[in-house]
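The following features are taken from TrEMBL:
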type	residues	note
DOMAIN	5-121	domain 'Ribosomal eL28/Mak16'
REGION	122-145	region 'Disordered'
COMPBIAS	132-145	compositional bias 'Basic residues'
Amino acid sequence: MSSDLQWLLLRKSNSYIVKGLPEGPIFSKEPGNLLNLHSHKYSGLANAKTIDVSDVNGKITVTTRKPKASPYAVAPARSTSSIRSRSGSRRAFGIVASHAKRGYRPDLRKAALARTAALLSAQKEPKEAPARKLRGKKAIKGFKA
C-alpha cells in the first residue's frame, strides 16, 4: 500500500490523534513522529522511512525503519542505535544528524536535532538556586553583627 493511501486512511481517525482546541493545531502521539504534529510529512505510520528519537532508561535511542522490510516483521524491520548519556551533546547531535543526512529523510534532520536537544536538556539535573542576598535594613543589621 502506498504511503499516500495510508495517510488518506489514517488522517481523519486513528488512536494517536490528540485534538485540543477546535481552531488550534492537531497533535499526534504516534511513534516515529518527531514534532508530534498530525501531518503526512511527520507521520510515523504513513511513511516508509521514519526516524524516532526517544529516551530509554537514560539513553537516547535513534530508531529508523527499514523501508524494504516486510510489513509483518516487527523487530527486524527497525534499526536501533543508542547514545550514552555521558557521551555529550556534540556526539549525540552528530550521530542523529548522520542518520538523517545519509540519504534517509534529510528533511527531518532539523526536527531530529531539536528532539535530541530537548531530551538532553531534560536529562540534566537542575542547578540549585543561589542564596538570596540581604538588602536594605537587614543587610545593614547583618553587616554590624
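Positions of Cβ are set from backbone N, Cα and C atoms, glycine also.
Because TrEMBL annotations are produced automatically, they should be read as predictions rather than curated entries.
Within the same chain, residues 55, 58, 85 sit at least 6 positions outside the region 'Disordered' (122-145) and bring their C-beta atoms closer than 8 Å to a C-beta of that stretch.
Helix, strand and coil counts under DSSP for the region 'Disordered' (122-145) come to 10 helix, 0 strand, 14 coil.
Counting residues per DSSP class in helix, strand and coil order gives 38 helix, 26 strand, 53 coil for the domain 'Ribosomal eL28/Mak16' (5-121). When pLDDT values are averaged over the domain 'Ribosomal eL28/Mak16' (5-121), the model yields 87.
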